[in-house]
Amino acid sequence: MLTVENIEVTLGATPVLHGIDMVAQPGQVTAIVGHNGSGKTTLLRAMTQETPYTGTIRLDGADLASFKPWELATRRAVLPQASRIAFPFTVLEVVRLGLLAGRDGARKALPQEALARVGLSGFEGRYYQELSGGEQQRVQLARVLAQVWEPVQDGQPRWLFLDEPVSSLDIGHQLEVMEIAREYARGGGGVIAVMHDLNLTAMFADHVVLLADGRCLSAGRPAQVMTDVTLSQAYGCTLQVNTSPPGDATYLLPHLARRTGGAHHARRTG
């Protein structure tokens, strides 16, 4: 279990997170949602030890700050919003970087398995810089999967931290990536994903954390968090949530959204 207790972050002179508390469970996909500048990425970067913070973050009861970098690398893998590679690496070389960080390097075929999992079999010899943005994003996901391929190792759950994992993808590959996240969680691992697409969040998340202005506005199951009132408050526009008869799955109708004023413009990107 990953617990976040009273996390505060200041970037420069600007307070970004204000006393965030949240819990993420292994076996679940936890989605962090909110308007641009709400603090989603900052919170994720605090949880991955990339951003200084005050407060406490615990992984399976141990303070995350007490872990050595190599220990964290065997327990969790991070997919950032964007990854720039300056050198002309092939796709296979990029995915192999995940083996250097994790503990699954003994499986020589693992990079190929990871590429197959993201639908990129046969791309091993291509240069990363020659791929489309969506293909590069899937290569990076394959690298992350190779790092923590087994969702549970030595009896301990491992974690995927995904920052907008479907931002560059078409709808088919969006579904594929979210299914990978769900499958990883069902295998006993934990997944924490920053999401913008509320419909995908409703479809795939087990737990939703809704941020607004650097604070946790609501947390719980999608149906508990994603209500007309709460989402409209968070996003500063009128939103209508609907449920489809089969399975009562929550979904939104974006074409019914109406601006209610400049509630969230000119905010720091989250």
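Each residue, glycine too, has its Cβ placed from N, Cα and C.
Swiss-Prot lists 2-238 with the feature domain 'ABC transporter', giving sequence analysis as the kind of evidence.
Annotated ATP binding site per Swiss-Prot: GLY34, HIS35, ASN36, GLY37, SER38, GLY39, LYS40, THR41, in sequence order. For GLY39 (ATP binding site), the number of other Cβ atoms no farther than 10 Å from its own Cβ, over all displayed protein chains, is 30.
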Check your understanding: Which number gives the other C-beta atoms within 10 angstroms of the C-beta of LYS40 (ATP binding site), all protein chains shown included?
Key -> 26
Exercise for review: Could you tell me which of these binding-site residues, GLY34, GLY37, has the greatest number of Cβ atoms within 10 Å of its own Cβ?
Suggested key: GLY34
Review point. ASN36, THR41: which of these binding-site residues has the highest Cβ count within 10 Å of its own Cβ?
Key: THR41
Review point. Just how many other Cβ atoms lie inside 10 Å of the Cβ on SER38 (ATP binding site)?
Key: 28
